[in-house]
């Protein structure tokens, strides 16, 4: 066909960076409140991730002082999740969609790599270094597969939550601390509200548009951030129990136990003195 034909095809093909080139479009109407922001409320609701990361680092600073890398890595990636999700909903571009979904995938991969209890490793995995390699290879393969059908990525990523809930249930059976059980219950409540909002926006868009309230995906951003605000201290609590046996994790609430709405965090009791 020759170079002119190829050049003509390339000119007519939409750029992967172009506005509204993504395979998915959420329920909120596009460019209603801004000429440059496609989904206004879906975009600004990602501010919740920019608040989440510093809150986790500040409140769990005792853990960071003893074991800084995991929480710093995860908190940094959560900032990227917020930034890429903001870019995606602002442009609805194909690249934005991939960055949004892949940032979540890599955040989960890093969290699993650092915090997955060694007691649950597959029998063929003997050390955490080997588990790093397994997680890394699996994540790279999943990343490449994400380019095949990006619209399926979000459903697959949400399914990982069921494994996290299963692991939480197993750990709670071993734990007698009522505070930990309360924190897990609140985490599940926020997650249930978040996933309900996500599914409602995806499957019941016709209803929300009929009543002029198509904003449930923006609720998803805020609610899943709240869920993570409880999930991360819970994971840290169990990580200290498994990986730092010389310390005893203690669950505290900010700003105070007496407040009706609180944010949990983990403190470390001093190591037992040797006689």
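Positions of Cβ are set from backbone N, Cα and C atoms, glycine also.
Listed in TrEMBL:
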BINDING   25, 26, 28, 30, 39  Ca(2+) binding site
BINDING   89, 217, 221  Zn(2+) binding site
TRANSMEM  71-90  transmembrane segment
TRANSMEM  102-119  transmembrane segment
TRANSMEM  131-147  transmembrane segment
TRANSMEM  153-168  transmembrane segment
TRANSMEM  180-199  transmembrane segment
TRANSMEM  219-240  transmembrane segment
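Overlay of TrEMBL feature records on the structure.
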residue: 25; record: Ca(2+) binding site; CB count, 10 Å: 14
residue: 26; record: Ca(2+) binding site; CB count, 10 Å: 24
residue: 28; record: Ca(2+) binding site; CB count, 10 Å: 24
residue: 30; record: Ca(2+) binding site; CB count, 10 Å: 15
residue: 39; record: Ca(2+) binding site; CB count, 10 Å: 27
residue: 89; record: Zn(2+) binding site; CB count, 10 Å: 28
residue: 217; record: Zn(2+) binding site; CB count, 10 Å: 22
residue: 221; record: Zn(2+) binding site; CB count, 10 Å: 26
Remote residues contacting the transmembrane segment (102-119) - C-beta distance under 8 A, at least 6 residues beyond either end:
69-70, 73-74, 77-78, 80-81, 84-85, 128, 131-132, 135-136, 138-139, 142-143, 146, 153, 157, 160, 167, 171, 235-236, 238-239, 242-243
Separation of alpha carbons, residue 217 (Zn(2+) binding site) and residue 26 (Ca(2+) binding site) (Å):
7
Can you name the far-off residues of the same chain, 6+ from the ends of the transmembrane segment (71-90), with a Cβ under 8 Å from a Cβ of it?
22, 26, 36-39, 42-44, 46-50, 52-54, 56-57, 60, 63-64, 96-97, 99-100, 103-104, 106-107, 110-111, 114, 221, 228, 232, 236
Whole-number Å distance separating the Cα atoms of residue 221 (Zn(2+) binding site) and residue 28 (Ca(2+) binding site) is 14
Environment of 25, 26, 28, 30, 39, the listed Ca(2+) site - residues of the same chain whose CB lies within 8 A of the CB centroid
27, 29, 38, 42, 89, 92, 214, 217
